[in-house]
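Feature annotation from TrEMBL assigns domain 'ABC transporter' to 349-596. Annotation comment: TrEMBL describes 6-27, 39-57, 63-82, 89-111, 117-134, 169-189, 220-244, 256-281, 293-317 as transmembrane segment.
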Amino acid sequence: MNAVRAWLSALVADWRLGLLLVAALLLGAPWLSPGTVQIASFVLIAAIFAQSINLLTGLAGQISLGHAGFFGIGAYCTGILVKTHGLDVALGVPVAVLLAGLTGWLLSFPANRVRDVYLAMMTLGFGMVFFEIVREWNDVTGGTMGLPGVPSAALRTLTILGVKVDGLGYFRLLLLITAGIVLLMRNLTQSRIGRAFYAIHVSEVAAGSIGIPAGRTKQLAYALSGAVAGLAGALYAHLVGYLGPESFALPRSIEVLVIAIVGGLGSIAGQVLSATLFTFLPERLQVFAEWQFIAYGLVLTFSLLVLPRGIGGLFFLPPRFIRPRALARAAARRAETATLRPAGQGAALEAEGITMRFGGLVAVDDVSLRLEPGRITALVGPNGSGKSTFVNVVTGIYRPSAGRVRFAERDITGLPDHQVAAAGVVRTFQDPRLVPHFTVRENLLLGAHRQFRHTGLAAALALPGATRDEAAQLALVEAVLALADLTDVADRPIDTLPYGTRRMAEVGRALLAQPRIILLDEPAAGLSEAEMERLSQLIRDMKAMGIGILLIDHHMDFLAELVDDVVVLDSGRMIYRGDIAGMRGDAQVIAAYLGDEAAHA
Ligand SMILES: Nc1ncnc2c1ncn2[C@@H]1O[C@H](COP(=O)(O)OP(=O)(O)OP(=O)(O)O)[C@@H](O)[C@H]1O
């Protein structure tokens, strides 16, 4: 089955086939009946609309129950501008797209404050508010009577830039626009933007730790999704010629969500197939139209039970997040240039008097320590002594109750995690936080998110500069894969690999962020002897690059071979700072942590 999926995936990824299909439809359309051309036009609009959900929900993981609102903004905006104000469609549609995108961007601010079921409710509210505005704003929208007579293909009143466009011409235009949107979506998915969307979908904390800001990433996802939905709505307006509020009510939001889920969230081709199915069937089977929502419910339930990854998951392999051309380029240049750039100008991190209280509990109590470039400091102590909390404070997950963190002569206390990472202070987690569906290589490339120099537009258009930039980072990824001994599993999804491999991949991902300070929270936990050996070599390599390292661990032998300094915490307080031999003989450390036996082992 996987071989069939691989074959089909390669087929739909082949641009020549896409071109052939588009050309065949463009040329063959005159042989179709006007009714079929009209339905096919609806299919294309549904496909574009479904891509907007695919982007927001499938990629960025943000549920929306109010997408009919964006669709409606696009439709009414161009409808009003073209019909009432006499604007050309070639201007009306882009303005509509911009307005819907802007609305999406604005909606992202409240949306960023809630999640899950609350987000669903909030977006539902947005759709309902839009619906009410349209119904009540009689003068502009025509209220419940609607807005008839919008220049359209159906009414044979559509002219674009002075050229009369009939149903067939409009279908051809829609086909080209849909092909363009599908291409843009594919390019975005296989770029730093698609990877960032998916990273915040899986874990905002993990994304923040490598410098991906959840808030800004969501703003972009909402704006793009709103714009694409607005485009679908605007194109719809000039297809049908009549806009009534009922067309933009809750059922349309549900319908597009069902299309997207059944198509398989994340699968671009799946959306097109699903849009075709859901648009053709109701037209062909009249009985289906009457029982439309019961049918939707049944199809959705069936799909979730039998095809959890939708039609897309049935026919195609899961989407990939690296452009194959960039990968090929990287492979060609790996030999000469894939050397890891040593970390920039060495800089120390200074934590002064850090205190972190959770209610009455003092998790970290007045701890000061300094991390020097090219030095390894171990942070040890019994369970619950405050080690992870200290790392969380330094890396911006918590704002300390007291104390300051300075890095490279800059006060970074209380900065959000992504800004701390952007400054060069990167961490790993006690439980590896990787993107489960990403391959090892994709996970590592995610770490390089802040190193890219090309714009989002260049990524969406897959401009040569963007591909070159990706290839340069991929060459570094190959170097880190080799360093961490992960080359053999580079193309395997990370969730199919053993724990030790995942840990190594997380350290590798942090290294790709080109840190100047790295904080490793128990990286050796659960590793085999051989894996620990590999990890300690990797840590030595990082030290040699001039990176300052904080290493939390409980294995004294592992630490003894590696570290320059040790800091011991007990109940949040620092009870020892010095070298490891001194620590082993320290009475307070023995009493609180090591115990007599361990100290003399
Ligand atoms: N978000 C939180 N809210 C309340 N208490 C917390 C929170 N995070 C940590 N703590 C508490 O702070 C103390 C220190 O926890 P922390 O996880 O930092 O210890 P640790 O030394 O990293 O332990 P371990 O070795 O088990 O990971 C614990 O008592 C813990 O329960």
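Cβ from N, Cα, C; glycine included.
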- prompt: Looking at 39-57, 117-134, 169-189, 220-244, 293-317, which one has the highest count of Cβ pairs under 8 angstroms to the transmembrane segment (89-111)?
  reply: 220-244
Task: Would you kindly check 6-27, 39-57, 117-134, 169-189 and say which stretch has the most C-beta pairs under 8 angstroms to the transmembrane segment (256-281)?
output: 39-57
Field: For the transmembrane segment (220-244), distant same-chain residues with Cβ under 8 A (at least six beyond the ends)
entry: 38, 41-42, 44-46, 48-49, 51-53, 55-56, 59-60, 62, 64, 67, 70-79, 82, 89, 92-93, 96-105, 107-108, 111, 141-142, 144-155, 157-158, 170, 174, 177, 181, 188, 193, 197, 256, 456
